[in-house]
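K.L.:
The structure that follows is given in the form of C-alpha coordinates.
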Amino acid sequence: CVFQQWLNMGLSRNETEIWTEEDMDTNHTTDSFGPEVVIVPVIFGCIFFVGIIGNTLVMVVIGKIKSRRSRSTTNIFILNLSIADLSFLLFCVPFQATIYSLPEWIFGAFLCKFVHYFVMVSMLVSIFTLVAMSVDRYIAVVLSKKSPCIRSRRNALIGVCVIWMLSFIFAVPAAQHQILTDHPSAPNSTFCWEIWTERVAKHTYKVTILVTGYLLPLVLITCCYAKVLYHLHKKMKNMSKKSERSKRKTAQTVLLVVAAFLICWMPHHIIAMWVEFGQFPLNDASFAFRIISHCLAYGNSCVNPILYAFLSENFRKACKQVFTGLLFKEDVAIFIPVPMVNCLTYRRSS
(Lines of atoms letter the chains of each structure in order from A and count residues from 1; the text may use other names and numbers.)
(Lines give C-alpha, C1' and ligand atoms only; values in the text may rest on other atoms or scores of the structure.)
Protein backbone atom coordinates (compact mmCIF):
# COMPACT_ATOMS: atom_id res chain seq x y z
CA CYS A 1 0.00 0.00 0.00
CA VAL A 2 1.04 3.61 -0.38
CA PHE A 3 1.76 4.37 3.26
CA GLN A 4 3.79 1.19 3.57
CA GLN A 5 5.91 2.52 0.73
CA TRP A 6 6.65 5.62 2.81
CA LEU A 7 7.62 3.42 5.76
CA ASN A 8 9.94 1.30 3.64
CA MET A 9 11.86 4.37 2.50
CA GLY A 10 13.66 4.41 5.86
CA LEU A 11 13.37 8.15 6.41
CA SER A 12 14.48 9.55 9.73
CA ARG A 13 12.14 11.57 11.98
CA ASN A 14 13.95 14.79 11.03
CA GLU A 15 13.44 14.15 7.35
CA THR A 16 9.74 13.45 7.71
CA GLU A 17 9.03 16.44 9.95
CA ILE A 18 8.81 18.77 6.97
CA TRP A 19 6.17 16.58 5.35
CA THR A 20 2.68 17.88 5.92
CA GLU A 21 -0.73 16.29 5.81
CA GLU A 22 -0.82 16.87 2.07
CA ASP A 23 2.60 15.23 1.68
CA MET A 24 1.35 12.04 3.24
CA ASP A 25 -1.21 11.52 0.53
CA THR A 26 0.88 13.07 -2.20
CA ASN A 27 2.63 11.37 -5.08
CA HIS A 28 4.46 8.16 -4.35
CA THR A 29 8.22 7.96 -4.67
CA THR A 30 8.39 4.32 -5.64
CA ASP A 31 7.20 2.47 -8.70
CA SER A 32 5.07 -0.16 -6.92
CA PHE A 33 1.39 0.59 -6.67
CA GLY A 34 -1.48 -0.96 -4.78
CA PRO A 35 -5.19 -1.27 -5.54
CA GLU A 36 -5.74 2.32 -4.40
CA VAL A 37 -4.30 3.45 -7.74
CA VAL A 38 -7.55 2.31 -9.37
CA ILE A 39 -10.06 2.29 -6.49
CA VAL A 40 -9.44 5.83 -5.23
CA PRO A 41 -9.80 7.57 -8.63
CA VAL A 42 -12.99 5.57 -9.29
CA ILE A 43 -14.52 6.64 -5.94
CA PHE A 44 -13.44 10.24 -6.49
CA GLY A 45 -14.84 10.07 -10.02
CA CYS A 46 -18.28 9.02 -8.77
CA ILE A 47 -18.33 11.84 -6.22
CA PHE A 48 -17.08 14.26 -8.85
CA PHE A 49 -19.81 13.51 -11.41
CA VAL A 50 -22.64 13.46 -8.85
CA GLY A 51 -21.48 16.81 -7.46
CA ILE A 52 -20.99 18.36 -10.89
CA ILE A 53 -24.46 17.31 -12.06
CA GLY A 54 -26.19 18.43 -8.86
CA ASN A 55 -24.55 21.84 -8.60
CA THR A 56 -24.82 22.54 -12.32
CA LEU A 57 -28.52 21.72 -12.25
CA VAL A 58 -29.06 24.11 -9.33
CA MET A 59 -27.27 26.89 -11.23
CA VAL A 60 -29.25 26.24 -14.43
CA VAL A 61 -32.62 26.21 -12.67
CA ILE A 62 -31.96 29.39 -10.67
CA GLY A 63 -30.51 31.07 -13.75
CA LYS A 64 -33.64 30.37 -15.81
CA ILE A 65 -36.19 31.54 -13.26
CA LYS A 66 -37.87 34.66 -14.65
CA SER A 67 -39.73 35.83 -11.56
CA ARG A 68 -38.56 38.42 -9.03
CA ARG A 69 -38.05 35.67 -6.49
CA SER A 70 -35.09 34.45 -8.54
CA ARG A 71 -33.25 37.47 -7.17
CA SER A 72 -34.12 36.72 -3.53
CA THR A 73 -31.34 36.62 -0.95
CA THR A 74 -31.90 32.89 -0.50
CA ASN A 75 -31.41 32.13 -4.19
CA ILE A 76 -28.36 34.40 -4.37
CA PHE A 77 -26.70 32.45 -1.56
CA ILE A 78 -27.72 29.09 -3.04
CA LEU A 79 -26.27 30.12 -6.40
CA ASN A 80 -23.03 31.22 -4.72
CA LEU A 81 -22.89 27.94 -2.80
CA SER A 82 -23.26 25.97 -6.02
CA ILE A 83 -20.52 28.00 -7.71
CA ALA A 84 -18.18 27.42 -4.76
CA ASP A 85 -18.96 23.70 -4.55
CA LEU A 86 -18.56 23.32 -8.30
CA SER A 87 -15.18 25.09 -8.17
CA PHE A 88 -14.09 22.93 -5.24
CA LEU A 89 -14.94 19.75 -7.14
CA LEU A 90 -13.35 20.92 -10.40
CA PHE A 91 -10.07 22.07 -8.89
CA CYS A 92 -9.71 19.55 -6.10
CA VAL A 93 -11.00 16.10 -7.03
CA PRO A 94 -9.25 15.49 -10.39
CA PHE A 95 -5.85 16.62 -9.12
CA GLN A 96 -6.24 14.73 -5.85
CA ALA A 97 -7.04 11.59 -7.85
CA THR A 98 -3.79 11.94 -9.82
CA ILE A 99 -1.88 12.31 -6.55
CA TYR A 100 -2.97 8.80 -5.63
CA SER A 101 -2.45 7.31 -9.08
CA LEU A 102 0.66 9.02 -10.51
CA PRO A 103 4.23 8.75 -9.16
CA GLU A 104 4.88 12.50 -9.28
CA TRP A 105 3.35 15.93 -9.88
CA ILE A 106 3.22 16.48 -13.65
CA PHE A 107 1.31 19.77 -13.90
CA GLY A 108 4.09 22.29 -13.30
CA ALA A 109 4.86 24.97 -10.72
CA PHE A 110 1.98 27.31 -11.54
CA LEU A 111 -0.75 24.70 -11.11
CA CYS A 112 1.01 23.42 -8.00
CA LYS A 113 0.34 26.77 -6.35
CA PHE A 114 -2.89 27.74 -8.09
CA VAL A 115 -4.73 24.44 -7.57
CA HIS A 116 -4.01 24.30 -3.84
CA TYR A 117 -4.80 28.00 -3.49
CA PHE A 118 -8.14 27.79 -5.24
CA VAL A 119 -9.06 24.59 -3.42
CA MET A 120 -8.68 26.51 -0.15
CA VAL A 121 -10.59 29.50 -1.57
CA SER A 122 -13.55 27.46 -2.80
CA MET A 123 -13.66 25.42 0.42
CA LEU A 124 -13.85 28.58 2.54
CA VAL A 125 -16.39 30.22 0.22
CA SER A 126 -18.62 27.16 0.49
CA ILE A 127 -18.40 27.10 4.28
CA PHE A 128 -18.83 30.86 4.72
CA THR A 129 -21.87 30.74 2.42
CA LEU A 130 -23.46 28.04 4.58
CA VAL A 131 -23.02 30.41 7.54
CA ALA A 132 -24.52 33.31 5.58
CA MET A 133 -27.53 31.18 4.66
CA SER A 134 -28.13 30.23 8.29
CA VAL A 135 -27.93 33.90 9.33
CA ASP A 136 -30.30 34.76 6.47
CA ARG A 137 -32.85 32.23 7.76
CA TYR A 138 -32.44 33.56 11.30
CA ILE A 139 -33.21 37.10 10.16
CA ALA A 140 -36.15 35.98 8.02
CA VAL A 141 -37.83 34.02 10.82
CA VAL A 142 -36.71 35.45 14.17
CA LEU A 143 -36.26 39.09 13.11
CA SER A 144 -39.12 39.13 10.63
CA LYS A 145 -40.02 42.80 11.24
CA LYS A 146 -36.53 43.93 10.27
CA SER A 147 -36.20 41.31 7.54
CA PRO A 148 -37.31 43.45 4.54
CA CYS A 149 -34.65 46.07 5.31
CA ILE A 150 -31.81 43.66 6.02
CA ARG A 151 -32.52 40.86 3.54
CA SER A 152 -32.19 42.91 0.38
CA ARG A 153 -30.59 41.82 -2.88
CA ARG A 154 -27.95 44.53 -2.46
CA ASN A 155 -26.94 43.30 1.00
CA ALA A 156 -26.84 39.70 -0.21
CA LEU A 157 -24.50 40.63 -3.07
CA ILE A 158 -22.30 42.61 -0.67
CA GLY A 159 -22.21 39.56 1.59
CA VAL A 160 -21.16 37.34 -1.30
CA CYS A 161 -18.35 39.77 -2.23
CA VAL A 162 -17.12 39.85 1.38
CA ILE A 163 -17.17 36.04 1.50
CA TRP A 164 -15.00 35.74 -1.61
CA MET A 165 -12.65 38.51 -0.46
CA LEU A 166 -12.07 36.90 2.94
CA SER A 167 -11.54 33.52 1.30
CA PHE A 168 -8.98 34.91 -1.15
CA ILE A 169 -7.07 36.49 1.75
CA PHE A 170 -7.19 33.46 4.07
CA ALA A 171 -5.93 31.18 1.27
CA VAL A 172 -2.79 33.19 0.42
CA PRO A 173 -0.45 31.17 2.71
CA ALA A 174 -1.62 27.97 1.00
CA ALA A 175 -0.18 29.25 -2.29
CA GLN A 176 2.94 30.77 -0.72
CA HIS A 177 4.13 27.52 0.82
CA GLN A 178 3.13 25.09 -1.92
CA ILE A 179 6.23 24.46 -4.02
CA LEU A 180 7.70 22.02 -6.50
CA THR A 181 10.53 20.02 -4.99
CA ASP A 182 12.31 16.69 -5.19
CA HIS A 183 13.48 14.12 -2.66
CA PRO A 184 16.73 12.12 -2.34
CA SER A 185 14.77 8.89 -2.68
CA ALA A 186 13.43 10.04 -6.06
CA PRO A 187 15.92 12.55 -7.53
CA ASN A 188 14.36 12.48 -11.00
CA SER A 189 10.82 13.18 -9.80
CA THR A 190 9.07 16.38 -8.78
CA PHE A 191 6.51 16.70 -6.00
CA CYS A 192 4.05 19.44 -5.11
CA TRP A 193 4.54 19.77 -1.35
CA GLU A 194 3.60 22.28 1.31
CA ILE A 195 6.82 23.38 3.02
CA TRP A 196 7.09 25.92 5.83
CA THR A 197 10.38 27.20 7.23
CA GLU A 198 8.79 28.23 10.54
CA ARG A 199 6.71 25.65 12.38
CA VAL A 200 5.07 28.27 14.63
CA ALA A 201 3.72 30.12 11.60
CA LYS A 202 2.46 26.87 10.15
CA HIS A 203 0.73 25.85 13.38
CA THR A 204 -0.86 29.29 13.64
CA TYR A 205 -2.23 29.11 10.11
CA LYS A 206 -3.61 25.58 10.52
CA VAL A 207 -5.36 26.52 13.76
CA THR A 208 -6.73 29.68 12.14
CA ILE A 209 -8.25 27.62 9.31
CA LEU A 210 -9.69 25.17 11.85
CA VAL A 211 -11.35 27.96 13.84
CA THR A 212 -12.55 30.15 10.95
CA GLY A 213 -13.31 27.31 8.54
CA TYR A 214 -14.95 24.79 10.86
CA LEU A 215 -15.44 25.48 14.57
CA LEU A 216 -16.81 29.02 14.34
CA PRO A 217 -19.05 28.24 11.33
CA LEU A 218 -20.35 25.14 13.11
CA VAL A 219 -21.26 27.19 16.20
CA LEU A 220 -22.93 29.93 14.14
CA ILE A 221 -24.91 27.51 11.97
CA THR A 222 -26.07 25.52 15.00
CA CYS A 223 -27.06 28.63 16.98
CA CYS A 224 -28.94 30.26 14.10
CA TYR A 225 -30.96 27.17 13.25
CA ALA A 226 -31.60 26.41 16.93
CA LYS A 227 -33.08 29.91 17.29
CA VAL A 228 -35.18 29.36 14.15
CA LEU A 229 -36.59 26.09 15.48
CA TYR A 230 -37.30 27.56 18.91
CA HIS A 231 -39.08 30.54 17.37
CA LEU A 232 -41.18 28.34 15.08
CA HIS A 233 -42.04 26.05 17.98
CA LYS A 234 -43.44 28.98 19.96
CA LYS A 235 -45.33 30.47 17.02
CA MET A 236 -46.90 27.26 15.75
CA LYS A 237 -48.30 25.77 18.97
CA ASN A 238 -51.89 26.46 17.98
CA MET A 239 -51.54 25.87 14.26
CA SER A 240 -53.07 23.15 12.09
CA LYS A 241 -51.77 19.63 11.53
CA LYS A 242 -50.41 20.78 8.18
CA SER A 243 -48.35 23.43 9.93
CA GLU A 244 -47.24 20.86 12.48
CA ARG A 245 -45.98 18.62 9.68
CA SER A 246 -44.21 21.62 8.17
CA LYS A 247 -42.52 22.29 11.50
CA ARG A 248 -41.35 18.68 11.82
CA LYS A 249 -40.03 18.77 8.27
CA THR A 250 -38.16 21.96 9.02
CA ALA A 251 -36.63 20.41 12.15
CA GLN A 252 -35.51 17.36 10.19
CA THR A 253 -33.94 19.52 7.50
CA VAL A 254 -32.12 21.62 10.09
CA LEU A 255 -30.72 18.52 11.77
CA LEU A 256 -29.57 17.20 8.39
CA VAL A 257 -27.86 20.51 7.56
CA VAL A 258 -25.92 20.63 10.84
CA ALA A 259 -25.11 16.91 10.81
CA ALA A 260 -23.88 17.01 7.21
CA PHE A 261 -21.53 19.91 7.91
CA LEU A 262 -20.28 18.33 11.15
CA ILE A 263 -19.68 14.85 9.71
CA CYS A 264 -18.30 15.83 6.30
CA TRP A 265 -15.58 18.16 7.59
CA MET A 266 -14.67 16.66 10.98
CA PRO A 267 -12.27 13.91 9.71
CA HIS A 268 -10.42 16.43 7.52
CA HIS A 269 -9.73 18.74 10.45
CA ILE A 270 -8.94 15.88 12.85
CA ILE A 271 -6.19 14.71 10.50
CA ALA A 272 -4.92 18.26 9.98
CA MET A 273 -4.55 18.81 13.74
CA TRP A 274 -3.17 15.30 14.29
CA VAL A 275 -0.44 15.94 11.74
CA GLU A 276 0.44 19.35 13.17
CA PHE A 277 0.42 18.60 16.88
CA GLY A 278 0.88 14.84 17.10
CA GLN A 279 2.50 11.98 15.22
CA PHE A 280 0.23 10.83 12.45
CA PRO A 281 0.92 7.11 11.85
CA LEU A 282 1.89 6.10 8.32
CA ASN A 283 0.08 2.78 7.95
CA ASP A 284 -2.80 1.16 6.09
CA ALA A 285 -5.43 2.26 8.61
CA SER A 286 -4.38 5.91 8.55
CA PHE A 287 -4.22 5.80 4.76
CA ALA A 288 -7.81 4.53 4.63
CA PHE A 289 -8.85 7.20 7.13
CA ARG A 290 -7.28 9.86 4.91
CA ILE A 291 -9.18 8.62 1.87
CA ILE A 292 -12.44 8.59 3.85
CA SER A 293 -11.80 12.16 4.98
CA HIS A 294 -11.33 13.20 1.35
CA CYS A 295 -14.53 11.46 0.29
CA LEU A 296 -16.56 13.07 3.06
CA ALA A 297 -15.17 16.55 2.35
CA TYR A 298 -15.89 16.19 -1.36
CA GLY A 299 -19.23 14.60 -0.53
CA ASN A 300 -20.31 17.78 1.25
CA SER A 301 -20.28 19.51 -2.13
CA CYS A 302 -22.65 16.79 -3.39
CA VAL A 303 -24.90 16.90 -0.34
CA ASN A 304 -25.36 20.68 -0.35
CA PRO A 305 -27.52 20.78 -3.52
CA ILE A 306 -29.74 18.05 -2.05
CA LEU A 307 -30.17 19.75 1.33
CA TYR A 308 -30.55 23.30 0.07
CA ALA A 309 -32.41 22.78 -3.20
CA PHE A 310 -33.69 19.34 -4.11
CA LEU A 311 -35.62 18.93 -0.84
CA SER A 312 -37.74 21.86 -1.98
CA GLU A 313 -40.88 20.77 -3.81
CA ASN A 314 -40.86 23.99 -5.85
CA PHE A 315 -37.30 23.34 -6.94
CA ARG A 316 -38.15 19.81 -8.06
CA LYS A 317 -41.02 21.20 -10.12
CA ALA A 318 -38.63 23.70 -11.71
CA CYS A 319 -36.24 20.87 -12.61
CA LYS A 320 -39.03 19.06 -14.43
CA GLN A 321 -39.85 22.24 -16.32
CA VAL A 322 -36.22 22.68 -17.33
CA PHE A 323 -36.16 19.22 -18.86
CA THR A 324 -39.53 19.60 -20.56
CA GLY A 325 -38.77 23.08 -21.88
CA LEU A 326 -41.75 24.67 -20.15
CA LEU A 327 -39.55 27.10 -18.28
CA PHE A 328 -39.02 29.06 -21.49
CA LYS A 329 -42.78 29.47 -22.02
CA GLU A 330 -44.14 30.42 -18.61
CA ASP A 331 -43.05 32.34 -15.58
CA VAL A 332 -42.39 30.18 -12.53
CA ALA A 333 -42.21 31.65 -9.06
CA ILE A 334 -39.73 29.61 -7.08
CA PHE A 335 -38.57 30.24 -3.58
CA ILE A 336 -36.10 27.75 -2.17
CA PRO A 337 -36.26 27.80 1.63
CA VAL A 338 -33.16 27.13 3.68
CA PRO A 339 -34.15 25.22 5.64
CA MET A 340 -37.68 24.79 4.34
CA VAL A 341 -39.88 27.13 6.36
CA ASN A 342 -43.46 27.64 5.28
CA CYS A 343 -43.40 31.41 4.96
CA LEU A 344 -47.16 31.73 4.50
CA THR A 345 -47.87 29.71 7.63
CA TYR A 346 -45.34 31.68 9.59
CA ARG A 347 -46.85 35.01 8.63
CA ARG A 348 -50.30 33.92 9.75
CA SER A 349 -48.91 32.86 13.11
CA SER A 350 -47.02 36.07 13.87
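In case you wondered, yes, glycine gets a Cβ from its N, Cα and C as well.
The model shown is predicted, which means the values in this text are computed figures rather than measured ones.
Marked as domain 'G-protein coupled receptors family 1 profile' by TrEMBL: 54-308. Residues or ranges marked as transmembrane segment in TrEMBL: 38-65, 77-102, 114-135, 156-175, 214-232, 253-275, 287-311.
Thinking about packing and proximity, how do these listed features fit into the structure?
P.N.:
Long-range neighbours of the transmembrane segment (38-65) within the same chain, counting only residues 6 or more positions beyond its ends whose Cβ lies under 8 Å from a Cβ of the stretch, are 75, 78-79, 82-83, 85-86, 89-90, 93-94, 96-98, 100-101, 291, 294-295, 298-299, 301-302, 304-306, 309-310, 315, 318-319, 322, 327-328, 332, 334, 336.
Remote same-chain residues near the transmembrane segment (114-135) are listed as 22, 74, 77-78, 80-81, 83-85, 87-88, 91-92, 95, 107, 159-160, 163-164, 166-168, 170-172, 174-175, 178, 192, 194, 209, 212-214, 217, 220-221, 224-225, 257, 261, 265, 297, 300-301, 304, 308, 338 (criterion: CB distance under 8 Å, separation of at least six residues from the stretch ends).
Same-chain neighbours of the transmembrane segment (156-175): 73, 76-77, 80, 113-114, 116-122, 124-125, 128-129, 132, 136, 194, 205, 208-209, 212-213, counting only residues six or more beyond its ends whose CB sits under 8 Å from a CB of the stretch.
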K.L.:
State the non-local partners of the transmembrane segment (253-275) in its own chain: residues 6+ outside its ends, Cβ under 8 Å from one of its Cβ atoms.
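P.N.:
Contacts with the transmembrane segment (253-275): 20-21, 24, 127, 130, 134, 206-207, 209-210, 214, 217-218, 221-222, 225, 228-229, 289-290, 292-294, 296-297, 299-300, 303-304, 307-308, 311, 339-340.
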K.L.:
Per-residue pLDDT averaged over the domain 'G-protein coupled receptors family 1 profile' (54-308) comes to what?
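P.N.:
Across the residues of the domain 'G-protein coupled receptors family 1 profile' (54-308) the model's pLDDT averages 86 on the 0 to 100 scale.
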